[in-house]
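Handing you this structure, nothing more for now.
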Amino acid sequence: LKQVFNKDKTFRPKRKFEPGTQRFELHKRAQASLNSGVDLKAAVQLPTGEDQNDWVAVHVVDFFNRINLIYGTICEFCTERTCPVMSGGPKYEYRWQDDMKYKKPTALPAPQYMNLLMDWIEVQINNENIFPTSVGKCKEEVL
């Protein structure tokens with residue numbers, strides 16, 4: 001289990017939403033709807049009066065956190081030796097290109113591909129221009 005939670009491996013801690021912010025409240029609402037067994041279409045529907053970009057951002061970050069946890073549980077079974085290619089079955093091979101180190105689509109072992117992918121996604125969700133975190137405080141609830 002230590003390998004799964006080793007920060008130098010593929011596991012990354014969940015990105016947190018600061019309590020008291022609007023995004024924190026949206027995250028709580030999203031979690032409650034996903035855990036209640038409701039219709040998925042209704043669970044992801046934009047709540048009345050909420051900003052669509054904030055709602056999408058909350059779900060993107062939550063999806064990243066969930067995928068990260070799932071991958072963290074299986075990464076020890078997928079090594080460069082056992083998974084020499086990143087594929088989606090026999091018909092699909094994924095190749096990495098980042099226009100920096102990998103200027104052309106490059107075949108990589110699955111663990112290396114996943115590390116690069118998770119790092120890239122983490123950079124995107126931490127980019128204030130794409131996912132600003134300085135959203136206003138939550139609206140005060142009327143009792």
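Cβ atoms here come from the backbone N, Cα and C positions, even for glycine.
Small disclaimer: the values here were computed from a predicted structure and weren't measured.
Residues or ranges marked as Zn(2+) binding site by TrEMBL: Cys78, Cys83.
What's the neighbourhood like for these features in this structure?
Neighbour list (Cys83 (Zn(2+) binding site), Cβ cut-off 8 Å, at least 6 residues apart, same chain): Pro109, Ala110, Pro111.
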Would you mind listing, in sequence order, the residues at least six apart from Cys78 (Zn(2+) binding site) in the same chain with a Cβ closer than 8 Å to its Cβ?
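The answer is Ala110, Pro111, Met114.
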